[in-house]
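Trainee: Found this in Swiss-Prot, in case it helps:
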- 80-89: compositional bias 'Basic and acidic residues' (COMPBIAS)
- 98-111: compositional bias 'Basic and acidic residues' (COMPBIAS)
- 140-188: compositional bias 'Basic and acidic residues' (COMPBIAS)
- 191-207: compositional bias 'Polar residues' (COMPBIAS)
- 282-291: compositional bias 'Polar residues' (COMPBIAS)
- 300-317: compositional bias 'Basic and acidic residues' (COMPBIAS)
- 322-338: compositional bias 'Low complexity' (COMPBIAS)
- 339-348: compositional bias 'Basic residues' (COMPBIAS)
- 454-623: domain 'tr-type G' (DOMAIN)
- 463-470: region 'G1' (REGION)
- 463-470, 509-513, 563-566: GTP binding site (BINDING)
- 488-492: region 'G2' (REGION)
- 563-566: region 'G4' (REGION)
Amino acid sequence: MSKKRLHEIAKEIGKSSKEVVEHAKYLGLDVKSHASSVEEADAKKIISSFSKASKPDVTASQTVKPKEVAQPSVTVVKETGSEHVEKTQVSKPKSRNFKAEREARAKEQAARKQANGSSHRSQERRGGYRQPNNHQTNEQGDKRITHRSQGDTNDKRIERKASNVSPRHDNHQLVGDRNRSFAKENHKNGRFTNQKKQGRQEPQSKSPKIDFKARAAALKAEQNAEYSRQSETRFRAQQEAKRLAELARQEAKEAALKAQAEEMSHREAALKSIEEAETKLKSSNISAKSTADNRRKKQARPEKNRELTHHSQEGQKKNKKSWNSQNQVRNQKNSNWNKNKKTKKGKNAKNTNTAPKPVTERKFHELPKEFEYTEGMTVAEIAKRIKREPAEIVKKLFMMGVMATQNQSLDGDTIELLMVDYGIEAKAKVEVDDADIERFFEDENYLNPENIVERAPVVTIMGHVDHGKTTLLDTLRNSRVATGEAGGITQHIGAYQIEEAGKKITFLDTPGHAAFTSMRARGASVTDITILIVAADDGVMPQTIEAINHSKAAGVPIIVAINKIDKPGANPERVIAELAEYGIISTAWGGECEFVEISAKFNKNIDELLETVLLVAEVEELKADPTVRAIGTVIEARLDKGKGAIATLLVQQGTLHVQDPIVVGNTFGRVRAMVNDLGRRVKSAEPSTPVSITGLNETPMAGDHFAVYADEKAARAAGEERSKRALLKQRQNTQRVSLDNLFDTLKAGEIKTVNVIIKADVQGSVEALAASLVKIEVEGVRVNVVHSAVGAINESDVTLAEASNAVIIGFNVRPTPQARQQADTDDVEIRLHSIIYKVIEEVEEAMKGKLDPVYQEKILGEAIIRETFKVSKVGTIGGFMVINGKVTRDSSVRVIRDSVVIFDGKLASLKHYKDDVKEVGNAQEGGLMIENFNDLKVDDTIEAYIMEEIVRK
């Protein structure tokens, strides 16, 4: 059966824990505090006892009548001729003269007694309340009246009745000793009279009902007012006591200082007298010494150093040194030591005679209304926060059933339960991770709605290889960037900004090759509008479909630009029909996508395309807050030999300034310089503006988010923390050998690997190369990218390649002279490329050559042994004749006897007559010897063969 704590029961029924504990003790339950547990049946008993106490039944109402209490602060209005009682009105409590009220009530009751002529004792006193009792007769009331003069006996009787009262009135008995003392005092002052209140002389059945709830509310209000007055009085008394204690401390301090000064004067006088006595003693000692020396000189014989010997003594001490003078010096030292000792005693006496410092009283601190806690706080920390002693909290925890010391950590539930016991609202502290950059992008409160302004749209151009993406962007920028691209492929994302009709548009150019899937996905994630360019003569291609999927995943609108309409084989209608199969439906067909037919080469309909972009941007309502600290995304990153790490950033919110402390991905730094898309230095960059910055300590990854921090210290801490987390995550991803994956590990050991080190000019090319090489499928071989980074090939790359037996692949970079010299010395291969599919083809060939060769057996010829010759120290020589094919010197041979192979090995020698030959042809004779085999016999068949490697296709 489950148990409940008393404070939980009190919370359920709306009572205080103290009342619930008293009820439980009265019912005979073994409880100690509000944290004690009881069975569920006992809990029901406690709850039922409260319901009985608050709503008495018919029997109780017949046996005991509650006695009205004079309540000057409560006004009860009754209707004439009805038993309805109006709602009580509680006035503001005022200070009362209880003694005067008691005397007035006694006089009023005496007057009523004389007016009525007969008195009936109908009320008894219980805990300060008058209760009607139908079991008491008028005769008993008269007896009580006659015994009222016996003060001591009546007092004892009242206490006895208060202790033996019926259990149906437990709610009144819980008032305690305070109400019993009121009962004694009220009895002595004549409050126990046998008169009923005015209007109560009619029979009980006709008496109006008593509104117990109103009385209880009035009594509660009176008790609260009294408690507030007592609290105020107690507070003032404490303040007065503190003031008096402070005065007493000041007086004691002054008295101690005065006593100390007097003691110092006495000590100085004593020291002066001691010094005078010592000087007198010294002078007397010196005079005595001089007289003794003179006497000794007269008596002694003239001898050298005679004052230091004793000739008058007998035995061992004769003719020995006399230490009288030294003893005198010692005595003098001892006297000085005693003087210092007395002085020290005097100092100690000063400390002991000073008045003891008064014990300072502990200041009373109010409990806080709220308490913000963190998981794992210790008892000492909680005590310091709420300004309480740790021992007090340890005691409370012990009463709650929790054994803890002041240095022990507590969980959140225990802290909340402890704060509930103190009456404090507990709240868990929300930890803010300063190293989390993503929270700036997700927090809606980061932007100020009052400062929101319209921003330029970010447009990404996507499409298949050589469909005219870079040519279109080149036409927009009036430059010829496209002609310089290697192999007709854009190698990395370029971000550019143009102005049309007074409004700015930011363009992102993405590569179209299959290797740059991640770069296209990154471009779609930061864009607002996608321009899908499709060649009118080629139609929909694989990368076109991929671009459609990226745009749909990013949830951005698509504008289709049908390019190359100037070519003879252009068919725009076919392109529209093919795109409709993938959900890209033109507005002319009832869809949502805008289609524009252009010719990027001849600058045809380009203005119409830009107008369409601005129209879609206006519909999207693109907004930004330029007043907050800047956040955005890394478009590209590279390592420059002279400038260090360079990152191309796209500002999405806020304004980026020079010298701003910034965290980019897992690195940090301060913006040293900013360059826009035209190569000009700028001091700030507003939302939707692409800029290249320097000043980072490391090269970030393309696609990382960046955020500006308040100061460099916070940025450094966040960057270092993010770097540690990335390193820890990388270590966790490293698989270790266990019994579960042991078989997979052994199986993986059978697969050959080609180790490569990739160095490229930009981070996007590094990612594309690594992804493409890993995807190469050659059975039994896989590519292992040992290291990849941006920048030139240096000596450390060559050292790593030598240690890991790897090939260095440089993409649009060159090795340093020192690295090239070291590579020649260490025999490390360096391959340099500028077109990505050439790299893929070369690595694929290397992977095929890495496999173990597959050999096929090829029979060269057969021979028959005609004669055998045994030569000592040489072995058996077999004379043979070739019957088919030929026998070569480097071939392997099998010895077949009776169609059974009895030996397989290599030839030791092959001769034609006496000459060593490389081969013996068909129908020719010769002699041979076989390595490690001498059991040749006549008519044995010799089969010659070689193992030939099969070329992989």
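Note that Cβ sites are derived from N, Cα and C of the backbone, with glycine treated the same way.
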Trainee: List the helix, strand and coil residue totals of the region 'G4' (563-566) as derived from DSSP.
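Mentor: Secondary-structure composition of the region 'G4' (563-566): 0 helix, 1 strand, 3 coil.
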Trainee: If I take every residue in the region 'G2' (488-492) and average their pLDDT values, what number comes out?
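Mentor: Residues in the region 'G2' (488-492) carry a mean pLDDT of 43 in this prediction.
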Trainee: State the count of C-beta atoms found within 10 angstroms of the C-beta of Gly463 (GTP binding site), not counting that atom itself.
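Mentor: Around the Cβ of Gly463 (GTP binding site), 24 other Cβ atoms lie within 10 Å.
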Trainee: When you measure from the Cβ of Lys469 (GTP binding site), how many other Cβ atoms are you left with inside 10 Å?
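Mentor: The Cβ of Lys469 (GTP binding site) has 28 Cβ neighbours within 10 Å.
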Trainee: List every residue in the same chain as Ile565 (GTP binding site), at least 6 positions away in sequence, whose Cβ is under 8 Å from its Cβ.
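Mentor: Result: Ala536, Pro572, Glu597, Ile598, Ser599, Lys604.
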Trainee: Starting from the Cβ of Asp466 (GTP binding site), draw a 10 Å sphere and report how many other Cβ atoms land inside it.
Mentor: 17
Trainee: DSSP secondary structure for Asp466 (GTP binding site), reduced to helix/strand/coil, please.
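Mentor: Going by the DSSP assignment, Asp466 (GTP binding site) belongs to neither helix nor strand, so it counts as coil.
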